[in-house]
Amino acid sequence: MAAVDDLQFEVIYLCQMDLQMRLFRVYSKEFGNAATSVAANPDATTVSIEDPGETPKHQTGTLRGSGREEDDELLGNDDSDKTELLAGQKKSSPFWTFEYYQTFFDVDTYQVFDRIKGSLLPIPGKNFVRLYIRSNPDLYGPFWICATLIFAIAISGNLSNFLIHLGEKTYHYVPEFQKVSIAATIIYAYAWLVPLALWGFLMWRNSKVMNIVSYSFLEIVCVYGYSLFIYIPTAILWIIPQKAVRWILVMIALGISGSVLAMTFWPAVREDNRRIALATIMTIVLLHMLLSVGCLAYFFDAPEMDHLPTTAAIPNQTVAAAKSS
């Protein structure tokens, strides 16, 4: 019996050893193939087995980095700072070359529409420059917005005058083409001179108070240009010959565009003296109000034109002369 038991034990032992050798060969072959693939492709993804109780350090860094990236994205600091550094590294062309001014119009349709939407729907607590402009300020949008607004005001003013006097026998319509040049002077002077004055003021205050947020002249022009877009549909609706409707429209447009300007430039002056900061914002809003109310009063609420009574008296004089003869 002892011999039989020893024989059974040896058979079982040999089977176990054979099975272990086969498993070892299979695992060695698999690990050899994995090592070969990793050597051929160093960027391949590998799986490492770690202690469950140990917290991986690289995962913590990734989580912290993603949280910082989210904060920078909300504040608009990271992308804008990188863009400014890259812009400073670019080789700028001389100002008398075409390439120098071409960079101011290097913007696509999506960016223009996005900035127009941002000027129509201001987000409380969000800076328009940080959110839309700082990555790539342009002059394409402000230039064409001002040009469209000029023709909208001039044409709508002529149509409004025509509709008011439509049906009057003594009224003779005469197109007022000078309104185009007057509107162009007003709009472009406002869109360039006011930002220039504001930029100079902010630069002066920045030399007095070191932690004031600074904007470039191109960024300020861009903000003012896009803030005027709301007045294009407003000028078209001013054709309605009702003063109450016109004043409601101008108040809505003034509230939207004025809030864009106030929320954009308040961070630039809030660290300054309280009175100076409030006076600056009030001046910006008052100048904007003066533009809108002035355009409404001059182009749409102008005094009525003469009804040409002299032309009506000429036929009567001719008839009287014929009767006397």
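Keep in mind that glycine also has a Cβ here, set from the backbone N, Cα and C atoms.
As annotated by TrEMBL, region 'Disordered' applies to 42-80.
The annotation compositional bias 'Acidic residues' is assigned in TrEMBL to 69-78.
As annotated by TrEMBL, domain 'Yip1' applies to 120-292.
Summarising the annotation, TrEMBL assigns transmembrane segment to 139-160 (among others). Among residues of the same chain six or more beyond the transmembrane segment (139-160), those with a C-beta under 8 A of the stretch's C-beta atoms are 104-105, 107, 112, 115-116, 175-176, 179-180, 183-184, 187-188, 191, 218, 221-222, 224-226, 228-229, 231-232, 235-236, 238-239, 241, 295, 299-300, 302.
Positions annotated as transmembrane segment by TrEMBL: 180-204 (among others).
Listed by sequence, the residues of this chain that lie at least six past the ends of the transmembrane segment (216-241) yet keep a Cβ under 8 A from its Cβ atoms are 104, 115-116, 118-120, 128-129, 132-134, 137-139, 141-143, 145-146, 148-149, 152-153, 156-157, 159-160, 163-164, 187, 190-192, 194-196, 198-199, 249-250, 252-253, 256-257, 260-261, 264-265, 288, 292, 295-296, 300. The transmembrane segment annotation in TrEMBL covers 216-241 (among others).
Long-range contacts of the transmembrane segment (247-269) within the same chain: residues 118-120, 122, 124-129, 198, 202, 205, 212-215, 223-224, 226-228, 230-231, 234, 237-238, 276-277, 280-281, 284-285, 288-289, 292-293, 296, each at least 6 residues beyond the stretch ends and with a Cβ under 8 Å from a Cβ of the stretch. The annotation transmembrane segment is assigned in TrEMBL to 247-269 (among others).
Per TrEMBL, transmembrane segment is recorded for 276-300 (among others). The list of residues near the transmembrane segment (276-300) in space but at least 6 beyond its ends in sequence, with Cβ under 8 angstroms from a Cβ of it, reads 153-154, 156-157, 160, 179, 182-183, 186, 190, 194, 198, 201, 205, 227, 231, 235, 238, 246-247, 250, 253-254, 257-258, 261-262, 265-266, 269-270.
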For the domain 'Yip1' (120-292), what is the mean per-residue pLDDT, to the nearest integer?
89
